[in-house]
Amino acid sequence: MTKVLCVLYPDPVDGYPPKYARDTVPELSSYPDGSTLPSPKAIDFKPGELLGSVSGALGLTKFLKNRNVEFVVTSDKEGPDSQFEKELPDADVVISQPFWPAYLTAERFAKAKKLKLAITAGIGSDHVDLNAANEHNVTVAEVTYCNSISVAEHAVMQVLALVRNYLPSHDWARKGGWNIADCVSRAYDLEGMTVGVVGAGRIGKAVLERLKPFGVKLAYTQRHQLPADYEKSLGATYYPDVKELAKVVDIAVLETPLYAATRHMFNASVIASMKRGSYIVNNGRGELVDRDAIVDALNSGQLAGYAGDVWYPQPAPEDHPWRTMPHEGMTPHISGTTLSAQARYAAGTREILEDFLDDEPIRDEYIIAQGGALAGTGAKSYEVTKGQASPGSGEKA
Ligand code: NAD
């Protein structure tokens, strides 16, 4: 019997929602570049339901029962006594979400003798040691594009929240104050500022497109320069090197995958090279920046603000310094798991499982690693070095 082990975040503290704020989520016809939305043969959930927590089970319970698959869903993922660790040795498939990652370390791969497929219900498979996945010939797949726009919207919100000093001003309103001067003594207009996007992929391009109407100067860096006509339509300037980009921007928005070349891309010396009072928004991965360099730069005033939703490890410990540093606009890892996004990645996860169970090929764009090597989207997004754990995969967590 095939066994699918699924690690999801816990239900809301007040229980699984009996009803929702809205009755529907908009139906999309394709992704912005025209590529196809997830297309499973059927779904057993209503788009707009909470699917990413344990009771939602990604809407997979009925489907897997009908396919005679053992389906274990848990949020208990940490440590040797966790349910995840106990169920892993005979699991054929592991499903995990970046928001509540079941870190798949080399040690865990060694224990998971039957494992054939690791699905990321979302985007970003850095919580999987991709080198170990290749050594054990485990396929790694994710639902490419499912929440890229969700994250871009979050990034735009955080850029505005930091520059306009929104969160502290909101606090004054909640506290019963009318402290205009307190609110505005750190508030600026975004108009005229230079925003630099690091990683102009699906998320990064959507951030550039959404910020253009604000009358900002746009800059970006990534592996390959964007096509000239698209770049011109944005009015964006390309910097081949992140260090050169960092020197000219007022706001850096980080949206690259995490791997050895991007780990600690924004370290103390890059941050010191930025204009005093710059902002950083990071929804890529926590380890794209040096944790303590961010705290120091906020304390010294070199950075005017830092916001993001990605931490390391996840969930972040209660005493993580980003919870208490000044001028932050952090959220838990939520940008890619709106109810709208959940409907897409639940459908995409089902599509991957249908293909796996029917012995059909999984869409190339969903593939991160296959047949002992990076492949599909993974070959464009990550690099692995033999014998080295992928950053973020939990080896140090
Ligand atoms: P994508 O593959 O479309 O874009 C990634 C871009 O980064 C590519 O354009 C690539 O050229 C660029 N890049 C890679 N290495 C680089 C480097 N060294 N320097 C500069 N640019 C580099 O992927 P995407 O859908 O835009 O997602 C990007 C990342 O965002 C994911 O890998 C994941 O880590 C993160 N993400 C976070 C959330 C969230 O909820 N916070 C959700 C989805 C994705």
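Residue 1 is the first one shown; counting continues down the chain.
Note that Cβ sites are derived from N, Cα and C of the backbone, with glycine treated the same way.
Residues or ranges marked as substrate binding site in TrEMBL: ILE123, ASN147. Close to ILE123 (substrate binding site) in the fold, though at least 6 residues off in sequence, lie PRO98, GLU142, VAL143, THR144, TYR145, CYS146, ASN147, SER148, GLY336, each with a CB less than 8 Å from its CB.
Taking the Cβ of LEU258 (NAD(+) binding site) as centre and 10 Å as the limit, one finds 25 other Cβ atoms among all the protein chains shown. Residues or ranges marked as NAD(+) binding site by TrEMBL: SER148, 202-203, 257-261, ASN283, ASP309, 333-336, SER381.
Feature annotation from TrEMBL assigns domain 'D-isomer specific 2-hydroxyacid dehydrogenase catalytic' to 62-363.
The domain 'D-isomer specific 2-hydroxyacid dehydrogenase NAD-binding' annotation in TrEMBL covers 156-335.
Taken residue by residue with DSSP, ARG285 (site 'Important for catalytic activity') is part of neither helix nor strand, so it is coil. According to TrEMBL, the site 'Important for catalytic activity' annotation covers ARG285 (among others).
DSSP assigns HIS333 (NAD(+) binding site) to coil, not to a helix or a strand. Listed in sequence order, the residues of the same chain lying 6 or more apart from HIS333 (NAD(+) binding site) and placing their CB within less than 8 Å of its CB are PRO98, PHE99, TRP100, ASP309, VAL310, TRP311, GLN314. Look at TrEMBL and you will find HIS333 (among others) tagged as site 'Important for catalytic activity'.
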For SER381 (NAD(+) binding site), nearby residues of its own chain (Cβ under 8 Å, 6 or more apart in sequence)
PRO257, TYR259, ILE368
How long is the line from the C-alpha of ALA260 (NAD(+) binding site) to the C-alpha of ARG285 (site 'Important for catalytic activity'), rounded to the nearest angstrom?
12
Between ILE203 (NAD(+) binding site) and ARG285 (site 'Important for catalytic activity'), what is the CA-CA distance rounded to a whole number of Å?
13
Please report how many Å separate the Cα atom of ARG285 (site 'Important for catalytic activity') from that of LEU258 (NAD(+) binding site), as a whole number.
6
Among ILE203, ALA260, which are binding-site residues, the residue with the most C-beta atoms within 10 angstroms of its C-beta
ILE203
According to DSSP, does ILE123 (substrate binding site) fall in a helix, a strand, or coil?
coil
